């Protein structure tokens with residue numbers, strides 16, 4: 001199985017001199033197409049920083065991220081933003097849904113930003129909401145949904161442009177155990193159905209156990 005994403009000698013430093021903080025220190029990681037990985041470790045170990053760099057939300061201090069063999073950080077900021085919107089889906093601890101829009105409108109948003117017409121985006125949005133068990137909530141606004149439903153809308157939104165990679169940063173951190181399990185099952189089912197590559201930062205051992213591989217970070221390095 002070929003690698004979808006490769007992290008090569010990745011370093012990330014903030015500040016300088018006495019305020020310098022080395023968050024990532026030469027991280028190497030290969031993720032195969034369709035693989036599921038849990039990134040675990042203590043707070044401050046660099047998990048979210050690594051996820052953000054894999055998702056091109058930030059640029060590294062040194063090292064590279066190869067996506068399908070291409071060094072993505074050779075792209076301009078504009079090209080990188082277009083690549084990110086097209087190729088990578090994100091789910092965060094807080095759903096970041098737009099409160100004035102319905103579930104289906106929130107799911108359509110990345111497609112509309114990418115230039116797709118509303119008429120073309122509506123069908124995929126409804127199909128995804130059905131896939132995550134929310135066919136009966138299409139026209140409900142975020143304030144009318146439970147926490148688990150809001151997070152499932154966020155998952156559907158992350159998938160609307162059919163990305164090859166889904167990155168999730170503590171996706172169940174704000175949810176109770178029962179609701180967390182429902183979201184875990186949604187993520188697992190999406191991987192099974194779509195063959196989507198999934199990398200999850202989590203402190204939740206139950207979620208980590210559902211992933212095909214667990215990678216532990218300690219002080220900015222991958223524990224071997």
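Note: Cβ is positioned from N, Cα and C throughout, glycine not excepted.
Per Swiss-Prot, the features are as follows:
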- 41, 42, 43, 44, 45, 46, 47, 48: ATP binding site (BINDING)
- 5-224: domain 'ABC transporter' (DOMAIN)
Which residue among the binding-site residues 43, 48 has the fewest other Cβ atoms within 10 Å of its Cβ, if you could check? 43
Average the per-residue pLDDT over the domain 'ABC transporter' (5-224) and send me the rounded value. 90
By a 10 A CB contact count over all chains shown, which of the binding-site residues listed here is most packed: 41, 44, 46? 46
What is the one among the binding-site residues 45, 47 whose Cβ has the most other Cβ atoms less than or equal to 10 Å away? 47
If H, G and I count as helix, E and B as strand, and all else as coil, what does DSSP give for residue 47 (ATP binding site)? helix
When you measure from the Cβ of residue 42 (ATP binding site), which residues in the chain that are at least 6 apart have a Cβ under 8 Å away? 218
